[in-house]
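Feature annotations, courtesy of Swiss-Prot:
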ACT_SITE  Tyr136  active site, proton donor/acceptor
ACT_SITE  Lys164  active site, schiff-base intermediate with substrate
BINDING   Thr47, Ile206  pyruvate binding site
SITE      Thr46  site 'Part of a proton relay during catalysis'
SITE      Tyr110  site 'Part of a proton relay during catalysis'
Amino acid sequence: MDLGKVITAMVTPIHPEKDKVCKKRIHHLVNHLIKNGSDGLVIAGTTGESPTLSHDEKIKLFRQVIETNDGRAKLIAGTGSNNTAETIAFTKEVATLGGMDAVLIVAPYYNKPNQDGLYAHFAAVAEASDLPVVIYNIPGRSVVNIEPETIIRLAKLPNIVGVKESSGNLDNISKIIAETSDDFQVYSGDDSLTLPILAVGGNGVISVASHIVGNEMQEMIQAFERGEVQKAAQIHRELLPLMNGLFSVPNPAPTKYLLNQQGISVGPVRLPLVDLNAEQGTKLQAILEGLSK
């Protein structure tokens with residue numbers, strides 16, 4: 001299943017005064033992302049502040065993105081949690097909305113399942129889901145790492161179509177790519193590892209930086225696929241300071257700051273996250289301005 005090369009892990013626009021998910025701002029952001037290099041969108045993922053969105057807010061968000069998208073980009077809904085039964089129920093509900101192409105299921109966090117538990121969790125969700133499942137391995141947040149052997153086993157299940165790999169372990173990612181079928185999609189979950197993962201056979205990136213430099217991310221990937229490796233490497237090096245700067249404080253505060261500065265109004269982050277202070281904002285803006293020099 002081809003979900004695209006550059007998939008943006010979309011921030012969730014919040015009205016700054018009402019502290020509510022904002023329909024008008026969602027519409028503006030989705031159009032901006034599609035026009036600027038996004039093949040697909042992940043909605044209500046980590047970057048979308050899913051832990052601080054209510055169930056009803058997520059449904060509202062999904063409905064508005066589906067309506068605005070109108071079939072242009074691939075849409076992936078974040079429906080995972082650390083409760084298997086709730087994940088299944090929510091995934092089934094989202095499938096009834098129509099317009100979603102897949103779901104992103106995060107590794108269960110806090111309760112620390114072992115590898116057998118992780119396999120059983122994803123297998124149960126995949127069996128129950130009417131939508132294709134993308135695994136989300138992010139041990140820095142979930143505490144547990146989905147080992148390559150577990151992902152390779154899961155990749156054999158017919159409804160599991162890919163993985164967003166945010167472990168940062170290139171050896172493990174290489175093993176997954178080598179031992180899964182060609183139609184199993186392996187995406188970098190870290191912007192800075194996009195090019196290295198492409199080099200070992202990956203399919204693309206689920207990106208944060210593409211909010212700001214989506215066309216440049218596309219250019220890097222396309223250059224690599226044309227065999228212009230040096231050009232791709234040059235673009236990678238040019239974008240690297242911004243990729244790192246977007247995680248200088250907890251995500252997605254830096255991305256929301258830059259979007260707001262550029263006139264793409266997405267509002268603040270929600271507590272317990274906090275927005276950038278003046279010094280942090282100035283440093284980040286300087287990094288962005290340095291890209292054009």
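Even glycines carry a Cβ here, placed using N, Cα and C.
Classification of Tyr110 (site 'Part of a proton relay during catalysis') by DSSP places it in coil, neither helical nor stranded. Rounded to a whole value, the Cα-Cα separation of Tyr110 (site 'Part of a proton relay during catalysis') and the residue listed as 'active site, proton donor/acceptor' is 15 Å.
The number of other CB atoms found within 10 A of the CB of Thr46 (site 'Part of a proton relay during catalysis'), across every protein chain shown, is 22. The separation of the residue listed as 'active site, proton donor/acceptor' from Thr46 (site 'Part of a proton relay during catalysis'), Cα to Cα, is 10 Å.
Same-chain residues at least 6 positions away in sequence with a Cβ under 8 Å from that of Thr47 (pyruvate binding site) are, in sequence order, Ala9, Met10, Val11, Val208, Asn251, Pro252, Thr255. Rounded to the nearest whole angstrom, the C-alpha distance between Tyr136 (active site, proton donor/acceptor) and Lys164 (active site, schiff-base intermediate with substrate) is 5. For the pair Lys164 (active site, schiff-base intermediate with substrate) and Ile206 (pyruvate binding site), the C-alpha distance works out to 7 angstrom.
For Ile206 (pyruvate binding site), the count of additional Cβ atoms within 10 Å of its Cβ stands at 32 [all protein chains shown]. Sorting the recorded positions Tyr110, Tyr136 by the number of other Cβ atoms within 10 Å puts Tyr136 first.
Secondary structure from DSSP puts Ile206 (pyruvate binding site) in a beta strand.
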